[in-house]
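J.: Before we start, here is the structure in question, set down as structure tokens.
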Amino acid sequence: MSQLSVNHLLGIKYINKQDIDLIFETADHFKEVINRSIKKVPTLRDITIANIFFENSTRTRLSFELAEKRLSADVVNFSAGQSSVKKGETLIDTVNNILSMKVDMVVMRHPNPGAGIFLSKHVNASIINAGDGAHEHPTQALLDSYSIREKLGDVKGKNVVIVGDILHSRVALSNIFALRLQGANVKVCGPKTLIPKYIESLGVGVETNLVKALEWCHVANMLRVQNERMDISYFPSTREYTQQFGINKKLLDSINKDIIIMHPGPINRGVEITSDVADSDQSVILNQVENGVAIRMAVIYLLASKIK
Amino acid sequence: MGQRVLLSSKEIHIILHRLACQLLERHLDFSKTVLIGIQPRGTFLAERLTEILQKDYGVKQVKLGLLDITFYRDDFRRGDKTLEANKTKIDFLVEDKKVVFIDDVLYTGRSIRAALTAIQSFGRPDEIELLTLIDRRFSRHLPIQPNYRGRQVDAINGERVKVMWKENDGEDTVYLISE
């Protein structure tokens, strides 16, 4: 076992535990590389990667671009905002045009769930899903688990609560798949309106009381309320949401143990998490960002080695 | 498939001491010298030599690093398998140092080519030397030769040289294996 079972990374649902272990082991080596004074290796000098973003992003896009450049790949960037997509070009046409310029790998973010899967069936390139609507965001879930492994030694047997807007969150779904695959216990916590109806069928518990959830867990992953994906009102007001599901220093100190606080970003300070918690010693938010580059280097390296 | 012993445990013992003495002759107190074991198989030899230098020859401090060359190799995507990386552990700068690469077998020279590129990430060394236990003559793809060699071997391309170490493989022996 020394290669991935898949040719694309479309979601955590499509990979197995061995794949995750291989990605983490490879990421360990890349983490050492990016902490050198010269952070670059020549491995992918004959690979070209297109970053295609049909949706806004800062962290993920920068992280992918840095990962690609540190592996010495050639990188082309594409944003839907400034492109011919606005003139009515279809997704397959857009990507095939990019691929005819001899591109080997595509990193894509798209607002429609399943866009990556669709693309992988129609074009001849390795696809990495960088977020498809409310479906999956696999590299985020991998870097979250990797950060837990780094802090706690192992993911297996740990209690992880995902707090917030579960309904609209691709981070939540990918995290649930990844954590369950590695043997963690997972609960989701949030307003009933923002928790999908049959979420228990994925093997996770539901808790609507944040204090109880925090007392149970080793790790709390705080999600952002995705206002841009909400067409109706799911809770009365932001203020009420914060009172019930926001985490602050007083609440954190009242829990009788040191839990780890994670957040995939971007943070809405004062809504789901207060600044004193986000900047506290218990928060690993910036470690997550650093690990993101190492994880993406590992995923790109492992997928690129399968391109023939 | 046959195999024959190229070096016995006793011969390896003698050769390691000779190589340690040769290093000592040239580098004296090792104040400006660092040893770099090439992952994965060069590290055993590097650790052995370090131990001999410190215990038997009283060198106070020998700086030892382990260098993984996976991401610098020139055969990425050319085989069927993904190349698996090993740990790199160099917790010093090689800037202005005399670097000695240590590997068990010198064959085509491609690993050493990769190591020459990889070491640049850790600074600009004053000079780089190469020490190998086995030097397979007549099989080089690149103009690379060792400065210190344990034993020179004439082996044809179908043959394989396998170095076993007590701490990893249970015995100190070098085999020549023919397919």
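Every residue, even glycine, has its Cβ placed from backbone N, Cα and C.
All annotation found in TrEMBL is predicted automatically rather than curated by experts.
Pulled these from TrEMBL:
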BINDING   A:R59, A:T60, A:R109, A:H137, A:Q140, A:G265, A:P266  carbamoyl phosphate binding site
BINDING   A:K87, A:R170, A:R224  L-aspartate binding site
DOMAIN    A:8-150  domain 'Aspartate/ornithine carbamoyltransferase carbamoyl-P binding'
DOMAIN    A:156-302  domain 'Aspartate/ornithine carbamoyltransferase Asp/Orn-binding'
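How buried are the listed features, and what sits near them?
T.: Cβ neighbours within 10 Å of A:H137 (carbamoyl phosphate binding site), excluding its own Cβ and spanning all shown chains: 26.
With a 10 A radius on its CB, A:K87 (L-aspartate binding site) counts 6 other CB atoms from all the protein chains.
Across the domain 'Aspartate/ornithine carbamoyltransferase carbamoyl-P binding' (A:8-150), the prediction's mean pLDDT works out to 92.
Helix first, then strand, then coil: DSSP counts for the domain 'Aspartate/ornithine carbamoyltransferase Asp/Orn-binding' (A:156-302) stand at 65 helix, 24 strand, 58 coil.
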J.: Of all the binding-site residues given, A:G265, A:P266, which residue's CB has the most CB neighbours within 10 A?
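T.: Sorting the candidates by Cβ neighbours within 10 Å, the top entry is A:G265.
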J.: What whole-number Å value do you get for the CA-CA distance of A:R224 (L-aspartate binding site) and A:P266 (carbamoyl phosphate binding site)?
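T.: The Cα atom of A:R224 (L-aspartate binding site) is 7 Å away from the Cα atom of A:P266 (carbamoyl phosphate binding site).
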J.: Same-chain residues six or more away whose CB lies under 8 A from the CB of A:Q140 (carbamoyl phosphate binding site)?
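T.: Looking at Cβ-Cβ distances below 8 Å from A:Q140 (carbamoyl phosphate binding site), excluding near sequence neighbours, one finds A:T60, A:G131, A:R170, A:V171, A:S174, A:N175, A:P264, A:G292.
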J.: Just counting, how many other CB atoms are there within 10 A of the CB of A:R59 (carbamoyl phosphate binding site)?
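T.: Neighbour count, Cβ to Cβ under the 10 Å cut-off: 14.
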J.: Can you see whether DSSP assigns A:R109 (carbamoyl phosphate binding site) to helix, strand or coil?
T.: strand
